[in-house]
Amino acid sequence: MTIAESSQKSATRKPDSMEPILRLNNIEKSLQDTRDYRGLQLENGLKVLLISDPNTDVSAAALSVQVGHMSDPTNLPGLAHFCEHMLFLGTEKYPHENGYTTYLSQSGGSSNAATYPLMTKYHFHVAPDKLDGALDRFAQFFIAPLFTPSATEREINAVNSEHEKNLPSDLWRIKQVNRHLAKPDHAYSKFGSGNKTTLSEIPKSKNIDVRDELLKFHKQWYSANIMCLAVIGKESLDELEGMVLEKFSEIENKNVKVPGWPRHPYAEERYGQKVKIVPIKDIRSLTISFTTDDLTQFYKSGPDNYLTHLIGHEGKGSILSELRRLGWCNDLMAGHQNTQNGFGFFDIVVDLTQEGLEHVDDIVKIVFQYLEMLRKEGPKKWIFDECVKLNEMRFRFKEKEQPENLVTHAVSSMQIFPLEEVLIAPYLSNEWRPDLIKGLLDELVPSKSRIVIVSQSFEPDCDLAEPYYKTKYGITRVAKDTVQSWENCELNENLKLALPNSFIPTNFDISDVPADAPKHPTIILDTPILRVWHKQDNQFNKPKACMTFDMSNPIAYLDPLNCNLNHMMVMLLKDQLNEYLYDAELASLKLSVMGKSCGIDFTIRGFSDKQVVLLEKLLDHLFDFSIDEKRFDILKEEYVRSLKNFKAEQPYQHSIYYLALLLTENAWANMELLDAMELVTYDRVLNFAKEFFQRLHTECFIFGNVTKQQATDIAGRVNTRLEATNASKLPILARQMLKKREYKLLAGDSYLFEKENEFHKSSCAQLYLQCGAQTDHTNIMVNLVSQVLSEPCYDCLRTKEQLGYIVFSGVRKVNGANGIRIIVQSAKHPSYVEDRIENFLQTYLQVIEDMPLDEFERHKEALAVKKLEKPKTIFQQFSQFYGEIAMQTYHFEREEAEVAILRKISKADFVDYFKKFIAKDGEERRVLSVHIVSQQTDENATSEAEPVEITNMERHKPISDIVTFKSCKELYPIALPFLDIKAKGARSKL
C-alpha cells in the first residue's frame, strides 16, 4: 500500500472561482498501482475521483447519483428508471437524440447506465483523445436534459419492452414477490422497472403528464451534492481537474438530503412465514432471509464478512458439505447486502435437490445448528486474521482494472466510503470487533427469519399472484413446534469451523526473465500425446500464472449419448473436487473445468506459488476417476432440468442457438441430448471416463510467473500420467482432432428458419449475412461494417422505431467463417421486424455513399483503437494468446496485421464491399434469417392489432428440415495456421 503523490499545480489553472473546495492527493492505492489519483469536492458539492494513466489506451468516466427507484413517486412506478433512459436522448447543448452515442461510436467507445433501488449509474468509455468531447456531452445529462415530448412518448415503449423481456425471468419474478410482501407504505415494496401501464396508461387516465413528472424528478433529485464522478484519462491530474471543473461545475446543488429508510421493510407477521413461489423454469431453491440494520458504518471491521465467510464456506464441516452428504443440496450461497440507508438483508440461499425439497425444515434446522455452533465457539481471531491476510494479499497484487470497470466501481464506493479510502475500503476489514460479530449473529435467529421456497411443484397450492409479473405464490406459517425445534436445536457433530487455509501463498517472488525471452508463446515439448506451449510474462510483473490443459478424445462428441456422458463426467469431476478447491479459490487460486466438443478443458489461474499442488490433486482425480452413485443421480437430474429449461430462455438466445445449429458442421440439438439422457447410467459414465482417459491428446499452455524450466517440470508431471495410459501405444491422430467447420451459403442464397416459442411475449428476428472465410482482410472488413452500422442501427430500430429493447448488430466469427448479424427482440412479428431491418440497410447504403471522408476516417480510427487495446491483466493476455492456440491459427499479432490492412481501406473499397455483401440486392449477398415467433397473445389488448405490410418474405426459401438443409451445403475450409506449425497429434503412417 502507498500514498498517491501530490502533483504540482498546472500553470493553466482555472480562475479561483472554479477552484474545488477540497483536493485530496492521499488516495490509498495498491503498491503496484502505477496510476495517479486525486480526490476533489467541487463548490457545488460534487465528489470527484481523477485517475491519470499516461499509458491508457482507453479513457472512461462514470457518474452515480444517490437516488434510485425506491424514490419513485407512489403514483408513477418506474419513473427513476424512465429518467435514466431519457437522459441519453438529447440535451439543450447537444439536442440530437443520438448525438452522444454517435460521438462515442465514432470515437471507439460506448455507454450504458443502470437504475438500482438507491442509486443510478451512468458510464462510458472512449478513445483517449476524445475524452474532452465525451465529458462535455456527458455532463449535460445532469445540467440540461431535454425530455422532448416525442422522445418521451417513444421511450416508454423501450422501458416496456425491457420489462416484457424480464417477465419470464425467475430472478426478477422472485425479487418482485419479496418486494410485494413488504409493508405497502415502505419504499422497498415499489415496482422499480416500470412499464407502459404504470408510465403511460394509468397516468393518462388520471391526467398526469409524465413528461412534467420526469422534469420534476430530475429537478428534485439530480443534485450535485449527492453525485459522485470518476474520470480516467491519459492527461495529467491537473489537466483532468481542469476538464471536470469546466464541465461539471454547472450541475446545480439543490442541497438534497439522501433519502433513508430506518424502518425495516417487513411487518412483524412476515417473520415465521413460509413463502412458496412457482417459477417459470424448473428450479428449486430455499432462501432463509434475515432483515438487519444497515452495517455500512462497520466496513473496517466487517462483521458481515466474517459470518459470510463461515456460513458460505464449502469445505469439510460446512453447511454445504453436510447438506451434500445428505443428498439435499447442490450449492449454497450466503451474504449480506446493505441498503446503505437504513436496513440490510443477510440471506442464505440453498439450491435444492428433489429430495432436499422434501426436507426443507430439516435443512433450515441444520443452518440454525451451524449458527448455534458459531455462538458456542465464539468469534475466532485466527479466522478473522486469515480473512485480513487474504484481503491484504488481494489488494497488494490487485490486477489493473479495465478503465470503465474502474470508474463504475469507484462511483459506487464514493457514495459509501471516504474519498481517500475509495480504492482500499472493500479490502479494509481489519479492525477486530468480536462484539459486532456476536451482535449480528444474535440477529440470525428463527423468530427474525423469512423462509422462501421456489419450486414448480407448488403450483396447486399457490392461489395468490404478484400484480406486475403475475407470479403465483402462497403463504403459510411455520408450525410452532418446528420453530421451537429450530430455536432449541442441539449441536450437530458434523458441523465444524473451517480449518486453516493451506493454499494461502507465501512466496511472492517474481522469476527473472531471460533477455532473449521470446515475444510470443513457443512450443517447449511436442510428442504424439502431449504438446506444451510456454510464455514467461515480462509485462505485468505479478506473482501470478495461468495454465490450461486441453484434453482431446474424439469419442467425446461421437453422438448425443457420448456428448452427455462427457458432460456428466465433467459435472462429477467438479463435484468431487468442490470441497478441496474452495480453500484454493479463497486464496485467489481458481480451477475451472469445462466440457467441450473434443473432450475437457481445465484452467488453473491465480497466484503461482501453490499451482503445482492443485495440479497434482487434479491429475489424481482425472486418472483415478470414481463416482459416488448418489451424487450421480442428483447431478443427472440437474443436467436434465437444465436441458429442459432452455425452452424458457430469451427469444434472442434461441435465435443464436438455432443459427449455430444450422451452420455448424456437427452440432447436437438440445432435444437430441435430452432424448439420449434416458440411456445415461452410472456404469456408462464410469466406463466412458475410463475409455476417455486411456487414450488422450493433451495440449497445454503455461503463461505468467513461470520459467521455462518450471514449465518443463509441469509438462513432465503431466507426461508421466499420460504415458501410463494407452495413449502412447495408440495416440490420437491429427485428423481425428480437426476443428469444426461452417456450412457455406452461396451468393444469392436467402433462407428462413422459423421456430415457435410459448414462454415469451416477445418474438425475435435475426438477419445473418454470411461474408466468407476468415482472412485478415475479411475479418477487418466485417468489423468495419459492424463499426459503421452499430450506432445508427440501434438509433433507427430501437430509439426511433421502438421495435424493442434488445437491438444488436455485430460480427459472427466462428468455425472459420465471418458474417454480420442484426438481432431485434420485439413484440412485433419477426417478418415485420426483418422488413424494417432491410429498410434500414437499404436507407443506410445511401448514407454510407454520402458519408464525408473525415467521418469515414473517424470510424476507421475508432475501430483501430478497439483492435489495438492492450490486455490489462495476466489472464486477459493469457486468453488472447490461448485463443490463437486453441483455434490452431497461431496468429499472435493478428490485431496489428488487421489494423495495417484497415489503414489502407478506402471509402470506395468499403462502399463496394457493403454493396456486394450487405445491401439488399448485392451480388455476393448470402442470407439466413432466423425467426422466433411468440405464441402468446396480449391479454390487455382492447382491439385487434392493425395489419402491417410485409414486403420481403417471399424471397426466402424456408428451411423445414435441418438435416436436408445441411445435406446440400458445402463447408468452408478450416482457417490455416499463420505460423508453419504442424497440426497437433500423431502423424499418420499412410
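The backbone N, Cα and C atoms fix where each Cβ goes, and this holds for glycine too.
Summarising the annotation, Swiss-Prot assigns active site, proton acceptor to GLU84. Secondary structure at GLU84 (active site, proton acceptor), taken from DSSP and collapsed to helix, strand or coil, is helix. Counting every protein chain shown, the number of other Cβ atoms lying within 10 Å of the Cβ of GLU84 (active site, proton acceptor) is 20.
Annotation comment: Swiss-Prot describes HIS81, HIS85, GLU162 as Zn(2+) binding site, evidence class sequence analysis.
What surrounds the Zn(2+) site, by Cβ distance within 8 Å of the Cβ centroid and not counting HIS81, HIS85, GLU162, is the set GLY78, PHE82, GLU84, THR115, GLU155, ALA158, VAL159, HIS163, SER193, GLY194, TYR805 from the same chain. Take the CB of HIS85 (Zn(2+) binding site) and look out to 10 A: across all protein chains shown you find 22 other CB atoms.
Long-range neighbours of GLU162 (Zn(2+) binding site) (same chain, six or more residues apart, CB within less than 8 Å of its CB): SER193, TYR805. Applying an 8 A CB threshold to same-chain residues 6+ apart, the list for HIS81 (Zn(2+) binding site) reads HIS69, THR115, VAL159, GLY192, SER193, GLY194.
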